[in-house]
There are 2 protein chains.
Amino acid sequence: MTGIGRPDEDGLIARYFRPLATAPGAAQLLDDAATYQPPEGHELVLTTDAVVAGVHFFPEDPPDAVARKALRVNLSDLAAKGARPVGYLLTIALTEDWSPDWLESFVEGLGADQEEFDISLFGGDTVRTPGPLWISVTAFGLATEGHVPRRNRAVTGQRIYVTGTIGDSALGLKIRLDQTLKGRWGLSATDAEHLLDRYLLPEPRVQAASIVANFATASMDISDGLAGDLGRMCAASDVGAVLEADRVPLSPAAAKAVAADPSALATVLTGGDDYEVLATVNPDDTEAFERAAKRAGLQVAAIGTIMPSFAGRVRIERHGHPLVLDRLAFRHF
Amino acid sequence: MTGIGRPDEDGLIARYFRPLATAPGAAQLLDDAATYQPPEGHELVLTTDAVVAGVHFFPEDPPDAVARKALRVNLSDLAAKGARPVGYLLTIALTEDWSPDWLESFVEGLGADQEEFDISLFGGDTVRTPGPLWISVTAFGLATEGHVPRRNRAVTGQRIYVTGTIGDSALGLKIRLDQTLKGRWGLSATDAEHLLDRYLLPEPRVQAASIVANFATASMDISDGLAGDLGRMCAASDVGAVLEADRVPLSPAAAKAVAADPSALATVLTGGDDYEVLATVNPDDTEAFERAAKRAGLQVAAIGTIMPSFAGRVRIERHGHPLVLDRLAFRHF
């Protein structure tokens, strides 16, 4: 909370951000720093992700959705590491023309997500920028000591799982950029809305945290495309993978798009912003894993198998035949 | 480490940032998140501060100094809260025209400070921005449980202390913006360089952490001007303060500027970017506090006294007479 002028900033913090600082260690944002003491037997898990207007979201997106996206991309990282979220620090860079209405709605979005995920704001910084608005969030959570599934522990023979459905967000971005796709893909208004919503507002799989901590050896969140992120997991673990495209779980809207336009499948498999969890599970544990997921109301699907290492690392198969994609990862950067 | 495209970002992280991730919990930046477990009996202290090119530093500043400033403004917050720094997460937003040389030097600056302060990079994010370059840092450290001096515990009768010297950085910024001041203030080349350096590179008083934890009841870092920050501490504690301007410690260069130009005193007392520690100490403890500071090689000076609350909160006196300043706080925002 330093390094920026006060008369304005103090008022801004008091009005908009103080109500979000519900944890005692946040000291009502009246101090230079926050305190936090993890309970015994727990490890702290820390992650940071930023979003920039015009790069990671549209400047005209609803401010509450922008706020929640900035927060949720971080919660997704925590979930994939088996951690229950506790709190976050947030820096927002405002442009000269920021409006109280915009900020009010932004803060409402944060408040709604704090309630939904039972977390507190722990600190932050507000700065001025002549460039586009941006938000940087550092989130932290708690994992059981020794139970943080890393990326680099995928083992040959394991089954590969994903949560939720894949590709909705990337398809949503496509139809946002090209309105004609809605018709060409034969989407109903509801279908289109589903895809657009998934781009606007990720659903971090917070309920997956304890399940991946208990059953997965390797786990990560899918933010840059399923195929590319699976490749990254395989590289870290020095293994290969067969990805069965037919088994990749699709929403009804995504299924329509892929049926109407085969090229949409590439978008599904390589588009970014899924924020689902990718995890590998030993064959002996898959039944228990699936049962635990079901109990938690978490949709999971087995989509492939970890193999010994081979060149290229990831082979995608469809109807038993290899599928070649132009590029594996979606580039935000 | 998510939410951004990979082929580029992975390479960028591997080349520039991986060598900085020395802590085991940082997982070589190959994962979605870092882990950390504070040792028993300690509280985690967390703070975040961002810097924007053209707002908090000059775009043409040496990149290693920019990096160190971004880091050090956070370490200063930790020190004021009695915390030894442990690590940090860093997000950097690069413009299209970023150069490897710039980033190389930036990372060298981080590396030098990691060594100096015995800390590790724990994670981060690299994003692209069409606007000015910015850096957001979240730093964390360890304080002894129950020994975090807060802002709101200043008590009537206590002596007010500052570390180091005050005003150098604000005067440095002035001469950077107006070269003629060097001559008008009668500064030698060495004097001017001292002030310019203090603006470019804060000296976080890391060695003050354990001393303020042991002896101060209230403590904060001075980032927005001594008078304004003291006012903020008084407001949080519901007390007032007399600040004896004659006792405010000045570097030889600042002393020359104030002697030559009385208006420079206002800059000293209200200019920002000091990154010194402001602390209040019970009268019975001042001797022990001063001895402990001396042993640690930390310069401290008593500059005033906490009083019962009064309107305006801070009375500045010089030669026994009240001094009225136009504005108490420096505005970055």
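Each Cβ is built from the backbone N, Cα and C atoms, and glycine gets one as well.
All TrEMBL annotations are machine predictions without curation.
According to TrEMBL, the feature domain 'PurM-like N-terminal' maps to B:31-142. The Mg(2+) 4 binding site annotation in TrEMBL covers B:Asp32, B:Thr47, B:Asp77. The Mg(2+) 1 binding site annotation in TrEMBL covers B:Thr48, B:Asp49, B:Asp125. Taken from TrEMBL, the feature Mg(2+) 2 binding site applies to B:Asp49, B:Asp77. Feature annotation from TrEMBL assigns ATP binding site to B:Gly124, B:Asp125, B:Arg150, B:Ser223. Annotated domain 'PurM-like C-terminal' per TrEMBL: B:157-314, in sequence order. Residues annotated as Mg(2+) 5 binding site in TrEMBL: B:Asp224.
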Quiz item: What is the nearest of the binding-site residues B:Asp49, B:Gly124, B:Ser223, B:Asp224 to B:Asp32 (Mg(2+) 4 binding site), using the Cα of each?
Solution: B:Gly124
Quiz item: For B:Gly124 (ATP binding site), which of these binding-site residues sit within 10 Å, Cα to Cα: B:Thr47, B:Thr48, B:Asp49, B:Asp77, B:Asp224?
Solution: none
Self-check item: Pairwise CA distance, B:Arg150 (ATP binding site) versus B:Asp49 (Mg(2+) 1 binding site), rounded so that it is a whole Å
Solution: 18
Exercise. Calculate the distance in Å between the alpha carbons (Cα) of B:Asp49 (Mg(2+) 1 binding site) and B:Asp224 (Mg(2+) 5 binding site), and round it to a whole number.
Key: 13
Quiz item: Reported as an integer number of Å, what is the Cα distance between the residue listed as 'Mg(2+) 5 binding site' and B:Asp77 (Mg(2+) 4 binding site)?
Solution: 12
Quiz item: At the Cα level, what's the spacing in Å between B:Asp77 (Mg(2+) 4 binding site) and B:Thr48 (Mg(2+) 1 binding site), rounded?
Solution: 9
Practice problem: Take the C-alpha atoms of B:Thr48 (Mg(2+) 1 binding site) and B:Ser223 (ATP binding site) and report the distance between them in angstrom, rounded. | Solution: 14
Quiz item: What is the Cβ neighbour count of B:Thr47 (Mg(2+) 4 binding site) at a 10 Å cut-off, with all protein chains included?
Solution: 32
Quiz item: How long is the line from the C-alpha of B:Thr47 (Mg(2+) 4 binding site) to the C-alpha of B:Ser223 (ATP binding site), rounded to the nearest angstrom?
Solution: 14
Quiz item: What does DSSP say about B:Gly124 (ATP binding site): helix, strand or coil?
Solution: strand
